[in-house]
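Take a look at the structure below.
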Amino acid sequence: MHQVISATTNPAKIQAILQAFEEIFGEGSCHITPVAVESGVPEQPFGSEETRAGARNRVDNAQRLHPQADFWVAIEAGIDDDATFSWVVIDNGVQRGEARSATLPLPAVILDRVRQGEALGPVMSHYTGIDEIGRKEGAIGVFTAGKLTRSSVYYQAVILALSPFHNAVYR
């Protein structure tokens, strides 16, 4: 059984990690241990590089905290080009897989508040009345009328980031 350290305690992210690992390695093939670690970037990262750095930092910090795991996984959400997206970073101590998620364009009224220094989650909670929306369906769930959720979009990115770990051509 793979010991997987999730560098987040966010249920939407943990669900995506668990589903993706079970899709690739089989049901019951992993045990997820969530840990809270620092990203080293602002609460609301801007730009692809800052967001990717946050995910990389979370993986590195999780490795230091739990060095005996088989995999360390981080998902960092950010804002870039008026849209929300995330970077997924997965490491197994030998190699690393990284993937960027799909992007969701955000309305100007939301972006204005985020650019003024508020994080997307609290802004979305204000507009929707859904407490801790970032730990649930997220802006993605709201603006796609539930056709996609934060977790479903993360799931795809985790699957992509896992590619180097089960395809020999990457080695």
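Even glycines carry a Cβ here, placed using N, Cα and C.
Note that the structure is predicted; figures quoted are calculated from it, not measured.
What Swiss-Prot lists as substrate binding site is Thr8, Thr9, Asn10, Pro11, Ala12, Lys13. Residues or ranges marked as Mg(2+) binding site in Swiss-Prot: Glu38, Gln68.
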In angstrom units, rounded to an integer, how far apart are the Cα atoms of Thr9 (substrate binding site) and Gln68 (Mg(2+) binding site)?
19
Restricting to the chain of Lys13 (substrate binding site) and a gap of 6 or more, list residues whose Cβ falls under 8 Å of its Cβ, or answer none.
Ser6, Ile75, Arg150, Ser151, Tyr154
Within 8 Å of the Cβ centroid of the substrate site residues Thr8, Thr9, Asn10, Pro11, Ala12, Lys13, which other residues of the same chain have their Cβ?
Ser6, Ile14, Gln15, Pro34, Ile75, Arg135
Of the binding-site residues Thr8, Asn10, Pro11, Ala12, which one has its Cα closest to the Cα of Gln68 (Mg(2+) binding site)?
Thr8
Length of the line joining the Cα atoms of Glu38 (Mg(2+) binding site) and Asn10 (substrate binding site), in Å:
13
Other CB atoms, at most 10 A from the CB of Thr9 (substrate binding site):
12
Tell me, how many other CB atoms lie within 10 A of the CB of Thr8 (substrate binding site), whichever protein chain they belong to?
24
Whose Cβ, among the binding-site residues Asn10, Gln68, has more other Cβ atoms within 10 Å than any of the rest?
Asn10
Give me the count of other Cβ atoms within 10 A of the Cβ belonging to Pro11 (substrate binding site).
14
Residue among the binding-site residues Ala12, Glu38 whose Cβ has the most other Cβ atoms within 10 Å:
Ala12
